[in-house]
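Take a look at the structure below.
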Amino acid sequence: MAKNATVLFLMMIVCVSEAVLDTNYYSKTCPNAEKIILQTVYNASIHDPKVPARLLRLFFHDCFIRGCDASVLIDSMPGNQAEKDAPPNISLRSFYVIDEAKSKLETACPHSVSCADIVAIAARDVVTLSGGPYWSVLKGRKDGKISNASETINLPAPTFNVSQLIQSFANRGLQVKDLVALSGAHTLGFSHCSSFQSRLRNFSSIHDTDPTLESGFAQILKNKCPKPNLDKNAGQFLDPTSSTFDNVYYKRLLEGKGVFGSDQSLFGDSRTKTIVESFANDQNLFFKEFAASMVKLGNVGVIENGNVRFNCRVVN
């Protein structure tokens, strides 16, 4: 009997240690955490329609470097340039929304909710508020203490081909289907010319313009991004319904109207083409797979024994 009890106890330890994240993680310590975050995100989105795309991008840029540990939120300090000030992250915005949610949470339940969980929950909320799917966010992440600008070189670039994209996602334990589903986040948002202008002129020794780019759309992009370009804010929405979370992004790829070379490459490669087509034809399927892949992404590099920052911009 004692032996069986010991075995049962050991099994419980294993289960607890494996279940690092839990949908009910704050049910006792901060039961209104998700309501507070949702209200903050909603209010910010009403005042600035760019907020949803920016917060969703923030989640990706956080999880792809050091895992989902809110390292992207840390401010640079003398002697250390943080992730947020590296070239790929210079255009990240809406940090204030996370700051505001954190401030409210510190008032409601001090030192309980991690900045990493706030970013993950906010990413789900902006998708849902924009007409996309809802999923239960696993919670219990701890905040990291390290943020180095140099590490952002590991972010997937808008110029990547499919092989590079697959490898980048595989390095984080994500499959090809996850790559195609998560790329659908580009249904929200805007890109500056710098991220796609290499497709428009002097593309190669054979083609002046990227041949995978539909000619009429290429001309539209050239008009928006002239050379020289004196407007630093010039660019293009990533799909025509850029404030609505839908599957139009995939339909555009079928037409050769992906803004990024990395996006359009998904339709030109046999490893990803059929998945693109299935999402273009079935929005419900895309929503289902996107939600599942967001849960997987949210598990990348989770810190079990870290701390909860008092201020998301500063390590305790």
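Cβ coordinates are placed from backbone N, Cα and C, and glycine is handled just like the others.
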In TrEMBL, C30 sits in a disulfide bond; tell me which of C63, C68, C109 is on the other end. C109
Taking the mean position of the Cβ atoms of D62, G67, D69, S71, E83 as the Ca(2+) 1 site, which residues outside that list, in the same chain, have a Cβ no more than 8 Å away, listed in sequence order? C63, I65, R66, C68, A70, V72, A116, G144, S147, G301
Candidates C63, C115, H186 (recorded positions) with Cα within 10 Å of S71 (Ca(2+) 1 binding site): C63, C115
Far apart in sequence but close in space: which same-chain residues, 6 or more away, have a Cβ under 8 Å from C193 (disulfide bond)? K224, C225, N229, A234, G235, Q236
Of the binding-site residues D69, E83, H186, which one has its Cα closest to the Cα of C63 (disulfide bond)? D69
Cα nearest C30 (disulfide bond) among binding-site residues (D62, D69, E83) -> D69
For G67 (Ca(2+) 1 binding site), write down the residues of its own chain that are at least 6 apart in sequence and whose Cβ falls under 8 Å from its Cβ; none is a fine answer. G144, V300, G301, V302, I303
Do any residues at least six apart in sequence from D62 (Ca(2+) 1 binding site), in the same chain, have a Cβ closer than 8 Å to its Cβ, and if so which, in order? C68, D69, A70, S71, V72, L73, A116, V119
